[in-house]
Structure formats: structure tokens, C-alpha cells
């Protein structure tokens, strides 16, 4: 009986690591962009920069609204390979991002294959916020591989390849 109590005391002091989830950001949540502060706000949860990456397959990333926010259209095989950043987030941050990205109404969180830009160019899987609910005319808009609202090429991952 004493051994069981000691065992329970030992295990009650162990802090299990937070659930870690990879998320690929390609627009306003990237470092240096207008909503990056949301990823660094610990009241939303935890997020840690992992590396720069690009989509394995091309996707159309378009600027389709007057606000000039990027939309990654969930149409793999069309458009360009999109560059962005992979963050490791906890469940609280993922829940916040779902709400922030108006998931599932505006964006949908889906899994995507990525190519890491540093090292051997390994592949990685991550969640991304893309949309399948868009005006069909958006497919006729110009596509981009990099989003940078500041116009500063130092604020994107392409230069780190």
C-alpha cells in the first residue's frame, strides 16, 4: 500500500509535455507581418518557430479582397509553390487560430505536405489554413509564391533557401 502511494506521489509531480502540432503560415501570421503578434501572444497558447518551408505542390495563393489578405485556395496542382514558416503550437494556440481564421467558414484547416528549405530539404506535414469556399473568379486572379505586405524581401523565407 505504501508503494502505491509513493508511486502516485512521484507521478503526480510529472508535467507532461504540451501537445505539439505543426502549423504552416504563409501570410499575415508570418514574422514581420501584420498579425505575427498573435502567434507570440502567450495568452492564446504557445507557438515556437521551427523552420522555413514551401508547399511541396503548387497552390494558388491570391489577393482577392480590398483588405489585400492572402488566400491559399485548396486547389493543389494549380498556382505556385508557396513559401512560409512552420510553427509548433499547442492545442490552445490551435484553438485560437481556428477562431482567428474563422475556421471552418472562411478557411478550413487541412493537412499539407511541405519541403523544408534548410538542410537536406526534408519533407514535413503540417496543418494549413486554406479555403475551398471561394468565388470561382478567384481562380483567374494572379497567383503568388510569397506574401509580404511590407514589400521587404528580408521578411520572407525565400532569401534563406
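A Cβ is built for glycine as well, from the same backbone N, Cα and C atoms used for every other residue.
According to Swiss-Prot, the substrate binding site annotation covers 26, 27, 28, 29, on the basis of similarity to another entry. Annotation source Swiss-Prot lists active site, proton acceptor at 101, citing similarity to another entry.
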Collapsed DSSP category at residue 27 (substrate binding site): coil
For residue 28 (substrate binding site), the number of other Cβ atoms found within 10 Å of its own Cβ: 17
Least surrounded among the recorded positions, given as 26, 27, 29, 101, when other CB atoms within 10 Å are counted: 101
Cα separation, residue 26 (substrate binding site) to residue 101 (active site, proton acceptor) (Å, whole number): 13
Other same-chain residues whose Cβ falls within 8 Å of the Cβ centroid of 26, 27, 28, 29, the recorded substrate site, in sequence order: 25, 30, 33, 35, 69, 70, 84, 147
